[in-house]
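Swiss-Prot has this to say about the protein:
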- 24-243: domain 'ABC transporter' (DOMAIN)
- 57, 58, 59, 60, 61, 62, 63, 64: ATP binding site (BINDING)
């Protein structure tokens, strides 16, 4: 299978300011030193056609930062990401404008993706039918529940038939019937040899669905490999982590975060 996504030594840094004075000083003095947070640090992953890669890790590890970078909404500070094909990101609120109705969001998002109005008109009924939103499709998205927003976002993205699909916790909300319908659609994409990045805390879904695992911990790629090789290690880590007291869990997270801050 040919390479669909190549993530090369990607790092994402954020300057941390305690107040506006520090922010202004940093802007005026290029070599000014300040606290820098590494959301991701030197991550490299190669994905091929047909790969379904589970991005796993505890909250705050950097999974969503990586998924947004794959989708193109965030640029790396260093390194690069090569994508061979159209990419769609499915996340709660991803690409949705709360002031627009469901229909208007469909039109707007598809126009941004390069679809012509005639094509949008042809695809619109499919999106609406898949979403199961009924008359709510004509209401402003700001009035939607998180589950309804996820339904709309998922429906748009699967209808446009992307080559590379990034799913960031979008199946963690909504009813079970719709979630199963989404999973069935994702299986179709898997059978069509599309590349899928699947961000989820649902280990059962990850085990059922993914072929490879990228374990992100403290902004670094701890392990990347076949599902059978990496997932058991991550599951054991979760078991051990959950046995810790709340104080020990907090200390563990704090230890990881401290390593991600440097002055530069």
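Note: Cβ is positioned from N, Cα and C throughout, glycine not excepted.
Of all the binding-site residues listed here (57, 60, 62), it is 60 whose C-beta has the fewest other C-beta atoms within 10 angstroms. Within 10 Å of its Cβ, the residue among the binding-site residues 59, 64 with the fewest other Cβ atoms is 59. Non-local contacts of residue 58 (ATP binding site) by the CB criterion (under 8 A, 6+ apart in sequence, same chain) comprise 217, 241, 253. For the recorded site, residue 64 (ATP binding site), the DSSP three-state label reads helix. Secondary structure from DSSP puts residue 58 (ATP binding site) in coil. Apart from 57, 58, 59, 60, 61, 62, 63, 64, the residues listed for ATP, the same chain places the Cβ atoms of 216 within 8 Å of the centroid of those Cβ atoms. Within the same chain, residues at least six positions away from residue 61 (ATP binding site) with a Cβ under 8 Å of its Cβ are 216, 217, 218, 219, 256.
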